[in-house]
Amino acid sequence: MELHFFKYQGTGNDFVIIDNRQHIFPKNDTKLISKLCDRRFGIGGDGLMLLENDNMSDFKMVYFNADGKEGSMCGNGGRCLVAFAHYLGIFKEETTFNAVDGLHFATISGKQVKLKMIDVDKIHQKPNHSFLDTGSPHHVQLVDELEKFDVPKEGKKLRYGIYGESGSNINFVEQKAEDAFRVRTYERGVEDETYSCGTGVTAAALTMFELGKTAAKQIHIETIGGDLIIYFEKHNGKYTNIFLEGPAEQVFKGTITCSI
Ligand SMILES: N[C@H](CCC[C@H](N)C(=O)O)C(=O)O
């Protein structure tokens with residue numbers, strides 16, 4: 001059959017998006033999803049998302065990692081899906097949608113999408129790293145000379161070494177200024193470094209504040225694929241009103257022939 005798709009990217013984290021409001025897509029076909037995400041045999045992407053109707057909100061986000069398995073929350077994916085919903089005319093300036101970790105509010109202005117993330121009430125501190133859930137599980141670790149760091153190798157080691165089969169995303173961080181950091185992420189489900197990870201940079205920003213590396217509640221993060229800003233508040237040990245802001249854009253659209 002011919003499948004219509006859209007390709008989006010948010011700071012270089014790229015996604016295949018399908019309008020599934022008419023339930024045309026075979027969600028349980030892990031092989032098909034991983035093939036569509038394959039950069040040689042398919043369209044190519046770090047993940048695939050379906051936009052579906054939702055009873056409680058403007059739309060529903062269903063997210064799959066490039067390996068074809070349903071993932072946990074994806075911050076850059078969420079920002080891209082908001083841009084796609086805006087393109088479809090589902091909303092004008094602000095929206096609320098449903099994702100695997102609950103409802104998300106978001107706004108769009110030009111190419112900039114600002115997405116509200118779930119509250120975070122626990123950051124587990126270990127001697128050399130921290131671990132927290134920002135919708136997806138994240139390991140956050142400070143390193144020197146991030147530019148030269150072997151992220152795929154070290155990320156893979158930690159992802160399986162500490163977290164086992166279910167795994168975690170692994171973020172390596174270097175401070176650039178009082179309120180600015182550079183982050184590189186090894187993503188589980190992609191099993192490689194991606195150009196940016198939204199829930200990952202959110203986790204990195206909160207951890208840097210928690211560790212006292214910064215007093216800023218508006219943190220700039222540089223990734224391989226571009227810049228993101230994280231805003232938050234902290235009350236009684238809990239992080240609330242967390243927003244992830246950055247560009248998200250449609251790259252191309254088309255049809256692909258697939259056997260289903
Ligand atoms: N790239 C995503 C995270 C995907 C999470 C996924 N790799 C998983 O752990 O299921 C982001 O921008 O937040």
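Cβ coordinates come from backbone N, Cα and C, glycine included.
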Checklist entry - Among Asn20, Asn65, which residue does TrEMBL name as a further substrate binder in the site formed by Asn13, Gly75, Asn76, Asn169, Glu187, Arg188, Gly198, Thr199? => result Asn65
Item to check | Cβ within 8 Å of the mean position of the Cβ atoms of Asn13, Asn65, Gly75, Asn76, Asn169, Glu187, Arg188, Gly198, Thr199: remaining residues of the chain near substrate | outcome: Asp46, Gly47, Gly71, Cys74, Gly77, Ser136, Thr185, Thr194, Cys197, Gly200
Next on the checklist: As a test of the contact definition, list every same-chain residue at least 6 positions from Cys74 (active site, proton donor) whose Cβ is closer than 8 Å to its Cβ.
Outcome noted: Asn13, Gly47, Met49, Tyr63, Gly135, Ser136, Gly198, Thr199
Checklist entry - Once the chains shown are all counted, how many other Cβ atoms turn up within 10 Å of the Cβ of Arg188 (substrate binding site)? => result 25
